[in-house]
Structures are given as C-alpha cells and as structure tokens.
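What follows is one structure encoded as structure tokens, with my remarks underneath.
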Amino acid sequence: MLAIIGGTGLTQLTNLEISHRQVMRTPYGEPSGAITFGRLRQHEVMFIARHGYGHTIPPHEVNYRANLWALKEQGAQRIISVAAVGGIRADLLPGVIVLPDQIIDYTYGREFTYFDGRDCSVTHIDFTQPYSQELRQQILDAGRCADIPCLDGGVYAATQGPRLDTAAEINRLERDGADMVGMTGMPEAGLAKELGLNYAAIAVVVNHAAGRGSSRNGVHLETISAVAQPAMARVRSILECVVDSDVD
Ligand code: HPA
C-alpha cells in the first residue's frame, strides 16, 4: 500500500475518504499521531502528519523511527514524503515543486537508525541513491498527467532547525552542492531505506533560502503559508494521479 507523510501545509488530504484511524505503539515509541486510512480516488492509502495533526511537533522532535515503523507494520511498501523547503538554486522559486534525487545530511542528535547495534550485529545499508527511482518516475509521470510542473532532481540539504539558516550557512550549503534546504528529509529517508521501503519526496519550495531573492534581508515567515497553500493543492492533485496510475 502507498503511505503519504504530510509535512508543513499538508496535515490532511482533503479528498481522502477516511475509513478509520489507527493509534500505534512501536518499539521506538509513539508516531506523530494516529495513522489515517482511507481511499483516494478508490485506491487504499494511508496518511500520517509528520508534525502531528495540530502541527505541534518540531522537526528535531519528530519520532521518525516510530512513524516509518508504524507505516511498514500497517502494510506500507511505498512512501511519498511531502516536505516544505527553502530554495537555494536559482530556479527553485517559491511555489515550485521539485523531486530531489540526492541528500546531504546536516542533522544531529536525532534517532537516525534502527541498526544501533543493541539487538543486531553491525549492519550497513547502501544509500547511494536515497530515493526510489521507480517511485520518483511515477510521481514525475503523475505531474505530467496532472499538467503540474515538477522539476526533476536536486540536492536536498537536511538541517537541524527549528531555526532557519544564516545567509552564510546557505552559501556554504550551495558550495556543498545543495539546491534546497529543509529540516525533515533526514533521518526519514535513511530510516525508510533501512526498512526496505520505496521512498520518494515531493519538495515544495515555500521561500527563498536565507540571503537569496526575496529573503535577501530575511525570510518572511508570514508569507510561507500563503505560498504553501496553493502549492499543496497542486501536490494533492499529483498524489491523485499517482494512485490513479497504480495497478493494484
Ligand atoms: N530553511 C530550512 N528549512 C526550511 C526552509 C528554509 O529556508 N524553508 C522551509 N523549510
């Protein structure tokens, strides 16, 4: 089954016909909230709001391990993660939807692995391609089918937050090769890979990164939701085309 993890601006899927909600406990603690089950265009999907349904859990406090474990336990094989980002690359303007294909992880102090050596021998995973190529392609095709432009590829820098970045930090991220910056891409993608889930992210640019464009003198936090809202409506349409293209 397909699971969707909603981020800032996507705490629910409006067109989801909800069948039930399931509160879960996992060996890693509690997920961000109950898992919502329902039908999106006649296809079974599950949904969880990463920051909680009331948007109360900051990026560094999200229990990423519990969220992914719970989704897998409930039968998810594929995960589409939706996340708000700041745009660093010149074409990643506010409102743009982009499918990252690489990650650089700058987070710290988060529970980032299931393989912590306590119950198992040392385990490594290959993370050369952090996102499922197949699922990315399906989302790109869905974007085309919905006539919604989705940029293909970009390097996602995962920062610790919850504060936004300094202009110098953004310059450094750019020198490192990052195209966009967000706070939730890791450890989520790594944990999904550890669990063998097919995982891809839809990133929605909600602001110019610090020091760039309209954020040259500061990020206007008050405009973020005005940008996110219509963009998330487009993400919902893409998700509907994704499930429509599923052969289930
Ligand atoms: N920086 C970090 N995370 C973000 C940003 C940003 O500018 N915008 C949305 N998430």
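Residue positions begin at 1 at the first shown residue.
Keep in mind that glycine also has a Cβ here, set from the backbone N, Cα and C atoms.
TrEMBL lists 2-240 with the feature domain 'Nucleoside phosphorylase'.
Per TrEMBL, phosphate binding site is recorded for T8, R50, H51, T184. DSSP assigns T184 (phosphate binding site) to coil, not to a helix or a strand.
Secondary structure from DSSP puts N207 (substrate binding site) in a beta strand. Packing around N207 (substrate binding site) is summarised by its Cβ count: 24 other Cβ atoms lie within 10 angstroms of its Cβ, all protein chains included. What TrEMBL records for M183, N207, H208, A209 is substrate binding site.
Positions annotated as site 'Important for substrate specificity' by TrEMBL: L221. Reduced to three states, the DSSP call for L221 (site 'Important for substrate specificity') is helix. Neighbour list (L221 (site 'Important for substrate specificity'), Cβ cut-off 8 Å, at least 6 residues apart, same chain): empty.
Ranking the binding-site residues M183, N207, H208, A209 by Cα distance from H51 (phosphate binding site) puts M183 first. Checked against ligand 1, the recorded positions T8, R50, H51, T184, H208, L221 give no residue with a Cβ less than 6 Å away from one of its atoms. Mean pLDDT across the domain 'Nucleoside phosphorylase' (2-240) comes to 96 in this model. Between the binding-site residues T8, T184, the minimum number of other C-beta atoms within 10 Å of a residue's C-beta occurs at T8.
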